[in-house]
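Reviewing the structure listed below.
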Amino acid sequence: MLICCAQKLCGTNYPVSIAFIVVNEFCERFSYYGMKAVLTLYFIHYLNWDKDLSTAVYHAFSSLCYFTPLLGALIADSWLGKFKTIIYLSIVYVIGHVVKSVGAIPDVGDSTLHIALSMVGLVLIAFGTGGIKPCVAAFGGDQFDEENTEERTKFFSIFYMSINAGSVLSTIVTPILRGDVKCFGGDCYALAFGVPAALMVIALVVFISGSGLYKKSPPEGNVLVRVCKCIGFAIQNRWRNSKKSPKKSHWLDWAEEKYPKRLIQEIKMVFRVLVLYIPLPMFWALFDQQVQGYIQLISFVFTDTQIVMLNALLILVFIPIFDMGIYPLIGLCRIKLTPLRKMAVGMILAAIAFCAATVVEINVIKTVVEPSPAKESLVQVYNLMDSDVTVQFPGHTVFSDPLKPNEVTSPQKNMSAFHCIHTLHVNDHITKSETGAAYLRFINTHTENINITVGTDEFYAAANYGISQNISVPRGEYNGVVCETNSNQYHIDLGLLDFGAFYTVILSKVGDRVQFLMEDIQANNIHITWQIPQYVFLTAGEVMFSITGLEFSYSQAPASMKSVLQAGWLMTVAFGNVIVLIVAEGAGMEQWAEFLLFAGLLVAVSIIFSIMAYFYTYVDPDQLDKTFREDTDDEKVKSSDSKKKETVSLTDMPKQTKM
């Protein structure tokens, strides 16, 4: 039985029911990404795990969320149907959030109980979010009539927009709840996890509210068992009769003796799509590596959370641009842009993004001080005397000219390790800050100890050429910095401390200015706008690849296996995450070389995919339904005719004596 409703949105061909589905997806994605936004910080600062363990558990959880869709799809298509599956697994989802939030309350048990509740909550969340993931998208596609394929295609774009809208809002709100709101004497992780739990409850309520408007396709029975038995019988039958019987056009045709042609044809459809998906995990692995590389590349300006939010914002902007601008213009040029062609172009755009990132990275590393090779040192000399100083090392000519008073050399390498006599030997910090902050230190030439306050950071430099610690400070103008000794207090102006630089301040005289401010490591001189091209190409590639793949998986799946094929699409992401976990450390290549290598690999994957796509034949599952419905009707007509003939022949037969 198929329950349907013909209500439309504002005179369009969009069913009213999809409004409930889109709002449900927005709330669910807010819930999921909001929880993930503070998950690593929760592991490190609340559970007191180290960074490596926290990262490993985080990635394991993300991978599990993309493997569980297969379970949800099988439950939906074989047992409960999509509607009930979404409701029941959403309840599991809510319970997982509640357990996770309770585990973040310090007064509940000890650290062991907190860890146990957190892990149980994450497992329940993984089964909840993964289980409903393929069902919601497929259920939304089911709401459209057969003739409204264009509206259904646009629905998947709207659906993807709701995902990213939820992501953007949650990555803004949840970190604020954690950091700015205090509870139980510290950061309020219980509230940061509790709000996503409340949003998941809202998502469930909204979805149930539209119950009377949905088209609800009943499950088709145990699809997985029937498919496995059909495949097994085909292989077994082919093995037994391959030499005796004539060849079949397809190896699955060997199952025709026992299984209906419709089932065989549906399995063929699914297999053709799944074979097409074989190279896609490599794309997702490279895509994930690309995003991580970009985070390292542009974290001098943005935080990781802001970078993810930037990507989601660009997707929200690009989806309507592509749907209402670029795709129609391409159509006017009489270029047939099929779904598989869109996906191939998306891969190429992602490869171009890698190339753009390579150019930026090459320019960024020009301001980076390269570490010295093994058994060698980098040497930098400050001359704080009032006269010229000649520095010589036996067997080396790195400092050929005398150093003027208050002159500093640039770091010199290819110098064997040495011992300094009658000098102050200090280990420098030559690595740029990962957060984009500036490193700062002070050298005190006075005879009194000095305490310096820079913003919210405190520095201490001992008397007689004492050197303070290297402390990172946010980029900004620092004027009126307070310097305090036992007998005096004065202010100095440091000026702009720029992104990624390392500054040494020499305090040589008491006054209203710094006597010497030296930039030991150059500031990042690449403007942030150079990041725009790579993010434009990256986001455009994601829009063309990911949204199209979502819609393609639905349109090419038979009615009985819509959720299964959606799960197959999500599994390509899961295997991509596994590849990233396996090769996370890579071969130790430089970042720009990795970007270039990834660009080449993406081009290779896109070529392989394009060749496979060239031989793919698009199918219309609705046409398949009509074909087999007509065949069934013809068989019924033939059956009724044969029954009539049998009746006539029986009446013509002579009567027989009953013994």
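Placed from the backbone N, Cα and C atoms, the Cβ positions cover glycine too.
So that you can see what the record holds, here are the features copied from TrEMBL:
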type     : residues : note
COMPBIAS : 629-647  : compositional bias 'Basic and acidic residues'
REGION   : 629-659  : region 'Disordered'
TRANSMEM : 56-74    : transmembrane segment
TRANSMEM : 86-105   : transmembrane segment
TRANSMEM : 111-132  : transmembrane segment
TRANSMEM : 153-177  : transmembrane segment
TRANSMEM : 189-208  : transmembrane segment
TRANSMEM : 269-287  : transmembrane segment
TRANSMEM : 307-332  : transmembrane segment
TRANSMEM : 344-365  : transmembrane segment
TRANSMEM : 564-584  : transmembrane segment
TRANSMEM : 596-619  : transmembrane segment
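Just going by CB pairs under 8 A, the stretch in 111-132, 269-287, 564-584 that sits most against the transmembrane segment (596-619) is 269-287. Within its own chain, the transmembrane segment (153-177) is flanked in space by residues 14, 18, 21-23, 25-35, 37-38, 137, 140-141, 144, 188, 191-192, 195-196, 199, 305, 308-309, 312-313, 315-316, 319, 322-323, 543, 546-547, 550-551, 554, which lie at least six positions past its ends and keep a Cβ under 8 Å from the stretch.
Same-chain residues lying 6 or more positions outside the transmembrane segment (86-105) and placing a CB less than 8 Å from one of its CB atoms are 28, 31, 35, 42, 46, 72, 75-76, 80, 113-118, 120-129, 131-132, 135-136, 139, 184, 189-190, 192-194, 196-197, 200-201, 203-204, 207-208.
Listed stretches 56-74, 189-208, 344-365, 564-584 were compared with the transmembrane segment (269-287); the greatest number of C-beta pairs under 8 angstroms is found for 564-584. Below 8 A, the CB atoms of the transmembrane segment (56-74) and the transmembrane segment (564-584) form 3+ pairs separated by six or more positions in the chain. If one looks beyond the transmembrane segment (344-365) by at least 6 residues along the same chain, the residues whose Cβ comes under 8 Å of a Cβ in the stretch are 283, 286-287, 290, 293-294, 297, 337, 524, 526, 530-531, 533-538, 540-546, 548, 590-592, 595-596, 598-600, 602-603, 605-606, 609-610, 613. The list of residues near the transmembrane segment (564-584) in space but at least 6 beyond its ends in sequence, with Cβ under 8 angstroms from a Cβ of it, reads 59-60, 62-63, 66-67, 69-70, 72-74, 77, 130, 133-135, 137-138, 223-224, 270, 273-274, 277, 280-285, 287-289, 549-550, 553-554, 556-557. Within its own chain, the transmembrane segment (189-208) has Cβ neighbours under 8 Å at 20-21, 23-28, 30-32, 34-35, 38, 42, 46, 86-87, 90-91, 93-94, 97-98, 100-102, 104-105, 170, 173-175, 177-178, 181, 183, counting only residues six or more beyond its boundaries.
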